[in-house]
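A short worksheet on the structure shown next.
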C-alpha cells in the first residue's frame, strides 16, 4: 500500500540516495551496543525517538530507499514483492516497545516521518507524537483545522478534498463546525510541514539529552536534521539503521541491526515489558470519531519550558 501512497505523490526527481547496501553488526556487537544504548537511556532525562519507514517493514509495509524500497525499485521499473495494505498492517514490535518505553518514563517524545498510521494504531497518545509528513488515517477540516481519526485509510494523499463534512459535531465535546470540509493531511513534496507538529518536534529535539533515530536514513529535511538539534548543548545522538545515514559521522553510537531486535533487547535490559497490539487501544477501531488535533495549549505550555531551557543554556552557562 505504500506503493499506492508513492504513486499518489507529485513527480519529484530528488528522492535522495536509493538502494544503498545494508550492513549488519554481529550478534555479539549488537548485544554490546544495546547495553550501551540502555545505559544512555537510563542516564537521560529527556529522550526523543525519530522514526522512519524502517520501523514498519516488519509489518509488511515496504520502505522507500532500501535495497527493495519503493523508490529504489521504481527506478528499475519494478514494484516491491510485498505490500500489505495500510488497513491490514498492524503495529510492529518496535511500535509497541515505544509505547512501553513512554509509559515507563524512559522516552518523552516521538517524531515520525511515517504516514502509515501505525503509531496511532499502537495506542500512542497524541501528546507524545509529532507526525511531520501526515497520517493516512487522519481527516483534517479545511475550515476549523481540527483533525479526526478515520476508521480506514483515506482515499487520497496530497491534502485533497475527501468531500465529507467536518466531524466536529459528532465528537464528544459537541463543538460544531458549519460548512467545514475534510481533507486528507498527507503531505505532497511541495507542502509545508504542519506547524504545531514541527514546532513540537524542534523543541523536543533541542532539549533532548538523547535523540535516537530508528529506521531512517535521515535524508529528508528538515525531519532528518532534527536529531542534531541537541548536539551543540552536549546532547547525545544514536542511530539504529541498516543503511548508512546522512549523519553517521555525528552519531555517538550506530547500531546496524533490525529495529525490532534492538528495542526488544533494550526493553529487556531496562526491565520493560512490551505489550501486544490490542484493537481496544486502537483509535481506528472505535465506534465514535476521535479527535487527533495537537492542542495549541500543549504547544504553548511546552514553549514556555523550551524558552527557559534556551535561556539557561545560552545565557547562564
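The backbone N, Cα and C atoms fix where each Cβ goes, and this holds for glycine too.
Quick look at what Swiss-Prot annotates:
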ACT_SITE  133  active site, proton acceptor
BINDING   53, 57, 64, 65, 71, 113, 133, 215, 241, 243, 259  NAD(+) binding site
BINDING   141, 144, 166, 177  Zn(2+) binding site
DOMAIN    27-273  domain 'Deacetylase sirtuin-type'
Chain-mates of 141, 144, 166, 177 with C-beta within 8 Å of site centroid, Zn(2+): 142, 143, 145, 146, 167, 168, 180, 182
Protein Cβ atoms within 10 Å of residue 166 (Zn(2+) binding site), excluding its own: 24
Closest of 133, 141, 144, 166, 177 to residue 53 (NAD(+) binding site), Cα positions, recorded positions only: 133
Conformational class of residue 141 (Zn(2+) binding site) under the three-state DSSP mapping: strand
Spatial neighbour of residue 241 (NAD(+) binding site) that is closest, considering only the recorded positions 133, 141, 144, 177 and their CA atoms: 133
Binding-site residues (53, 141, 144, 177, 259), the one with most neighbouring Cβ atoms at 10 Å: 259
Euclidean distance between Cα atoms of residue 133 (active site, proton acceptor) and residue 141 (Zn(2+) binding site), Å: 17
